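Asks: Please find one structure pasted underneath; my questions will follow.
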């Protein structure tokens with residue numbers, strides 16, 4: 001064995017503030033996550049599916065010579081055929097074109113609503129749960145007020161005051177959408193904040209935000225992701241409901257939510273009008289779910305095999 | 001505990017007051033009124049109508065009257081159904097909605113939790129995937145589509161159930177299923193995900209090391225702790241489900257309370273809007289309180305009562 | 001544990017299947033039994049009718065009712081001086097009547113009739129009911145239906161006393177009615193529900209007599225109400241005290257309240273209803289082609305017009321040629337055939353053909369793109385615009401409804417194709433929409449009008465006054481107005497009709513509204529159900545109905 005000269009040793013800096021930090025570089029954490037995610041076949045399948053759906057939303061409408069708005073009153077309610085791949089609707093419009101046009105609207109709405117719900121909900125619920133006491137009481141009662149006031153009335157007023165538009169629509173969708181998320185996060189935080197590792201971190205003087213983002217929220221991730229996957233379909237169908245009030249996407253623009261709500265009326269006669277939008281909604285949610293699951297598993301070091 | 005609850009009751013009253021106030025002003029600011037129709041009522045008659053319902057008085061008088069009548073639990077006459085009071089509407093509709101709601105809640109909870117547990121215990125096996133597919137279907141198909149599909153296939157095509165109406169226990173099966181589908185799926189997903197978290201915790205490992213059987217571990221430790229998010233979700237959900245669902249009642253022709261939540265607003269039936277909102281809000285606020293109390297039983301470390309930090 | 005859980009789960013599945021299967025058997029036995037009854041003993045067919053009335057009626061007090069749901073219950077349980085049969089009024093509670101020479105005084109002789117509780121129906125009951133509805137403190141929203149009676153409007157507006165109103169019970173059996181103007185359709189009006197009598201003995205004692213079924217709820221029609229479960233169902237039974245009880249064959253009518261068109265039709269297909277569709281319910285629009293193909297669909301034109309109103313004060317719709325261009329460029333035939341699909345009649349006139357039969361043809365040609373383009377050119381010139389693109393933006397509004405949305409989208413597409421005009425669509429919830437329309441905050445708006453009584457004046461007087469309650473278009477024409485006023489004083493029916501036709505021609509020339517189609521009633525019914533009477537106004541009477 002070779003002798004190592006003493007000069008080659010350097011004293012390690014013993015900073016108590018650094019003691020709590022994870023010494024592993026965070027880059028490799030994400031790399032690690034990615035490697036684990038890639039191993040999960042189902043999750044990868046979901047990811048591919050999601051990419052495909054987005055691809056079709058961008059290019060789908062151009063794959064057919066039909067346009068999403070032009071009526072063809074001589075060919076209404078045609079079943080799927082080589083001409084109209086997904087059939088036609090009650091005004092003879094091509095459902096294939098409408099489905100992928102609607103995908104743009106619905107994917108955008110679903111994603112943005114879910115992200116906004118996530119952001120507000122996690123923050124609101126996290127603070128309420130962690131602070132507890134009066135803060136918790138006041139914050140959660142505000143959520144209750146929003147939840148108790150008739151939503152329909154709230155939306156009618158929003159519509160009257162702000163007028164039709166994308167901003168109003170997103171606002172109407174998220175004004176109460178985040179509450180579920182906030183409640184779930186608050187419940188989880190209430191439970192987690194008494195766990196030994198949180199108490200330990202507190203004792204070691206970690207800042208509130210550090211405890212929140214490094215300890216509490218990652219450990220509540222499972223429920224957060226599940227709640228988020230519920231936000232997506234809720235948003236897609238809330239848009240259809242808002243259309244009823246004249247606040248959704250204006251006709252003749254298509255969205256999956258309105259197509260499915262119209263289609264369900266024709267279920268007994270022209271089932272394809274429901275089948276296509278509903279199937280793609282299901283596929284989207286499925287993809288979100290498995291990707292979410294895969295992410296969660298990949299993020300959770302304890303589940304490492 | 002008792003002190004906590006009485007304090008919370010006070011908060012509930014304050015919250016209720018806020019809900020009533022916000023609703024009152026939203027309702028009044030919404031365009032259209034209870035008597036607007038394509039066949040316009042002559043102005044003189046509209047004047048009389050407004051007088052009768054007190055709509056001609058200044059808003060603060062009306063607002064105050066509402067507060068008093070709510071305190072007396074007398075919501076006044078309905079605008080839309082002559083000769084019926086809002087209390088009548090609630091008393092007639094709520095039992096129906098409650099029965100249906102209980103049925104679907106029981107369905108949603110029992111099957112949802114069971115599916116979730118099976119999925120979690122068989123993480124990434126076929127049981128897990130099957131449960132996931134079922135759950136995805138439940139989550140992405142909203143109740144009004146589910147209702148139409150169930151009605152079409154099970155009642156019309158197969159003739160297993162009556163198409164609609166509220167006559168016997170059999171009539172309740174399809175609406176209860178349709179109403180339960182989404183909550184069931186969501187509960188299954190929530191249970192699964194929190195079970196997975198709990199199962200990887202140290203105390204489960206300890207329990208395993210102690211040689212407890214898998215069943216004992218599941219029941220004694222995992223499920224109880226995993227139920228917390230489910231309970232959180234159940235609070236507001238039960239307030240919603242027990243007061244009925246507009247679409248389900250419409251599709252199945254059920255005389256429940258749920259339809260009043262929507263039709264009263266379309267009709268600008270002010271007294272009914274107020275009545276059902278107050279009724280629902282009370283249920284909601286109590287349910288939310290019960291959830292918080294339940295937290296303490298599920299995990300004794302959760303203490304909401306005191307304001308002191310870090311106890 | 002894993003095994004045990006999966007066993008438990010499969011057990012539950014099996015159990016639920018078993019339960020549902022049981023349910024199925026029970027159901028099938030039941031319906032098989034029903035069929036047996038229907039088929040074998042033709043002579044002994046149960047005379048029980050099951051219909052859907054969609055929603056809870058507003059009020060079953062004839063003086064307060066103002067909606068079709070209430071109407072369709074009241075027409076079975078009550079009876080006025082006259083009753084409409086085959087489109088014509090026939091005597092009902094009245095045995096005979098006399099009209100004065102100036103056609104302003106009617107004297108009715110009542111027949112011997114009883115209320116469901118055995119009280120006699122007297123002239124006093126009529127006088128009481130009409131004055132009650134007119135009494136401003138009772139806030140009847142349909143009191144204006146009685147305004148044809150002398151001083152009725154004044155009393156209702158608080159400007160006259162009850163004694164001044166032109167209705168008087170001379171004795172128990174004689175009712176004298178004095179009118180404001182000669183009203184050639186007055187005998188049709190007396191069949192309308194606001195003109196029904198009310199048992200004054202009970203009503204005077206118990207002001208809430210009409211809120212529930214029971215011994216306080218008395219009526220004088222072919223059926224009596226035996227139960228009323230609010231928001232759920234109403235059950236009527238034959239009224240043995242009815243003067244013409246021998247004609248009434250149905251023993252029971254069950255009216256359920258199911259407000260979903262698909263459910264209604266499914267219940268009919270399942271044998272739970274004997275009638276689905278209008279006028280009590282409605283058929284899902286998407287079912288119509290299939291029902292027509294199968295030969296099951298019944299269609300009857302009714303007195304109603306579906307039209308687009310133009311706000312004649314909003315540019316560019318203040319220009320008559322632009323309005324005409326838009327109206328002429330609509331392909332109504334295509335709309336009724338391929339969009340609304342209810343065999344509606346394309347409308348190129350305002351008054352439905354049930355009142356003016358010649359209006360099937362109308363005042364202009366349907367889908368006249370050539371003319372439309374000419375009008376557009378002229379209109380653009382008048383506005384000083386070079387191109388269609390320079391037109392101010394136009395928004396077409398409608399209240400939220402699948403049917404309206406489809407038609408609006410079809411019309412939008414037609415205007416784009418035929419005229420190159422891009423129109424924006426906007427929908428709103430009903431109350432918001434009505435508010436916008438009545439306050440003139442719109443450009444083009446969908447509206448429909450269903451006749452209250454079978455006379456053209458009901459449609460034409462809508463546009464008499466600019467600020468009249470239901471005009472909405474801000475259009476007014478002095479000549480039009482004068483023609484309508486003249487028609488009120490005209491006692492000769494032929495001359496009166498000419499005046500009204502002349503007025504309609506003005507309306508169709510200035511085009512404050514673009515008619516789209518005339519309404520029809522569409523329904524399906526049990527084949528062996530006969531004798532259901534539907535008026536041109538879309539009301540239904542089951543007095544003569546029976547199962548064969």
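Cβ atoms here come from the backbone N, Cα and C positions, even for glycine.
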Asks: In TrEMBL, which of A:168-185, A:186-203 is labelled transmembrane segment?
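Replies: Spelled out, TrEMBL records transmembrane segment over residues A:168-185, not the other listed ranges.
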Asks: Examine the ranges A:83-106, A:107-130 and name the one recorded by TrEMBL as transmembrane segment.
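Replies: Feature transmembrane segment in TrEMBL: residues A:107-130.
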Asks: Which of A:107-130, A:142-162, A:168-185, A:220-247, A:274-295 has the most Cβ pairs closer than 8 Å to the transmembrane segment (A:42-60)?
Replies: A:274-295
Asks: Take the transmembrane segment (A:220-247) and find every residue of the same chain, 6 or more past its ends, with a Cβ under 8 Å from one of its Cβ atoms.
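Replies: Contacts with the transmembrane segment (A:220-247): 105-106, 109-114, 117-118, 121-122, 152, 155-156, 158-159, 164, 168-169, 172-173, 177, 180-181, 184-185, 188-189, 192, 255-258, 260-261, 281, 284-285, 288-289, 292-293, 295-296, 299-300.
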Asks: Restricting to the same chain and to residues at least six past its boundaries, which positions have a Cβ under 8 Å from a Cβ of the transmembrane segment (A:142-162)?
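Replies: For the transmembrane segment (A:142-162), the far contacts come to 124, 168, 171-172, 175-176, 179, 182-183, 242, 245-247.
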